[in-house]
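Here's the structure, in structure tokens; my notes come after.
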Amino acid sequence: MSGSPVKRQRMESALDQLKQFTTVVADTGDFNAIDEYKPQDATTNPSLILAAAQMPAYQELVEEAIAYGKKLGGPQEEQIKNAIDKLFVLFGAEILKKIPGRVSTEVDARLSFDKDAMVARARRIIELYKEAGISKDRILIKLSSTWEGIQAGKELEEQHGIHCNMTLLFSFAQAVACAEAGVTLISPFVGRILDWHVANTDKKSYEPQEDPGVKSVTKIYNYYKKFGYKTIVMGASFRNTGEIKALAGCDFLTISPKLLGELLKDSSKLAPTLSVKAAQTSDLEKIHLDEKAFRWLHNEDQMAVEKLSDGIRKFAADAIKLERMLTERMFSAENGK
């Protein structure tokens, strides 16, 4: 009745095939867009939350966050900060109703060079999840992969049992430092690396296997697997499905709803390109990085230096936009009285 097994297999979507060897994660704050793709986990960031917070469907969450900020009181700045943390957690809690795994919630990018402030803010976010009845085991705290961010991740993991997702990761130096810090997961970016090469070199298009972002994640994956690091490698920031397919077999891949939709409609055959076995044969050598060596090696990578600082600025700008939006909603009525 349902056709031959061969025919059925042939019609299997690229998304379903990908799920056989890679954990698929949805990269969105728009949790209504998650259902049909059935991801294991989800990731958010300040830009995605800002976009979702402006959608009519999510105004109740925004109102709830505002009410929470006001209820805690204190100076206006404090109320806004509390409202934003609450908003991130409300979105995370709604997403968790739709997925079996974990959600990633980001610490304010403006704290990217302040280890202690990142640790404190992360603990506050976990506390808010706890108030909402959600265990820290279902949360990944996202931190910028600066030296300070990586050390904050190490402290959160070792001293507080808080799982971290190191983001804005563009260089091999960042990946090595994260592995040595023993964080739960890293998010090496793919598309933003491609963007830099397209903007700064004469080559304007790449085959997926030659894509500089794909090559970066492949090298990081091979290094982690060759030397037995437990940290999960989650490729992030994709510009097209070709990049995703070229990283099939990576531990996790976090993908926007738009590209998840394209993979769902695509029935071409997909085979893993990354594997632990292949990683063992790579010619990578193990290195150790203290702070000085990290800063030097990272600084040697012009693309990574520019994209890390650009990424922090972009997330910070969107955090400021979100603050302004909430400030207007929280205080303009009062000021207008």
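Each Cβ is built from the backbone N, Cα and C atoms, and glycine gets one as well.
Residues annotated as motif 'Nuclear localization signal' in Swiss-Prot: 1-10.
Listed in sequence order, Glu148, Gly149, Gln151, Ala152, Glu155 are the same-chain residues at least 6 apart in sequence whose CB falls under 8 Å from the CB of Lys115 (N6-acetyllysine). According to Swiss-Prot, the N6-acetyllysine annotation covers Lys115 (among others).
Look at Swiss-Prot and you will find Lys142 tagged as active site, schiff-base intermediate with substrate. According to DSSP, Lys142 (active site, schiff-base intermediate with substrate) is assigned to a strand segment. A simple way to gauge crowding: the CB of Lys142 (active site, schiff-base intermediate with substrate) has 29 other CB atoms within 10 angstroms, across all the protein chains here.
When secondary structure is read from DSSP and collapsed to three states, Lys219 (N6-acetyllysine) falls in the helix class. If you take the C-beta of Lys219 (N6-acetyllysine) and look for same-chain residues 6 or more apart in sequence within under 8 angstroms, you find Phe172, Leu284. The N6-acetyllysine annotation in Swiss-Prot covers Lys219 (among others).
Summarising the annotation, Swiss-Prot assigns phosphoserine to Ser237 (among others). Cβ-based neighbour count (10 Å, all protein chains) for Ser237 (phosphoserine) stands at 25.
Marked as phosphoserine by Swiss-Prot on the basis of similarity to another entry: Ser256 (among others). The DSSP secondary structure for Ser256 (phosphoserine) is coil. Non-local neighbourhood of Ser256 (phosphoserine): Ala26, Asp27, Thr28, Phe238, each in the same chain, at least six residues away, with C-beta under 8 Å from its C-beta.
What Swiss-Prot records for Lys269 (among others) is N6-acetyllysine, and it gives similarity to another entry as the kind of evidence. Under DSSP, Lys269 (N6-acetyllysine) is assigned to coil, being neither helix nor strand in the three-state scheme.
Summarising the annotation, Swiss-Prot assigns N6-acetyllysine to Lys286 (among others). In the three-state DSSP scheme, Lys286 (N6-acetyllysine) falls into the coil class. Shown in sequence order, Phe227 are the residues of the chain, 6+ apart in sequence, with a C-beta less than 8 angstroms from the C-beta of Lys286 (N6-acetyllysine).
The N6-acetyllysine annotation in Swiss-Prot covers Lys321 (among others) and is backed by similarity to another entry. In the three-state DSSP scheme, Lys321 (N6-acetyllysine) falls into the helix class. Other Cβ atoms within 10 Å of the Cβ of Lys321 (N6-acetyllysine) number 15 in total over all chains.
Cα of Lys142 (active site, schiff-base intermediate with substrate) to Cα of Ser237 (phosphoserine): a distance of 15 Å.
The two recorded residues, Lys321 (N6-acetyllysine) and Ser237 (phosphoserine), have Cα atoms 22 Å apart. With a 10 A radius on its CB, Lys269 (N6-acetyllysine) counts 9 other CB atoms from all the protein chains.
Confidence for the motif 'Nuclear localization signal' (1-10), expressed as mean pLDDT, is 48.
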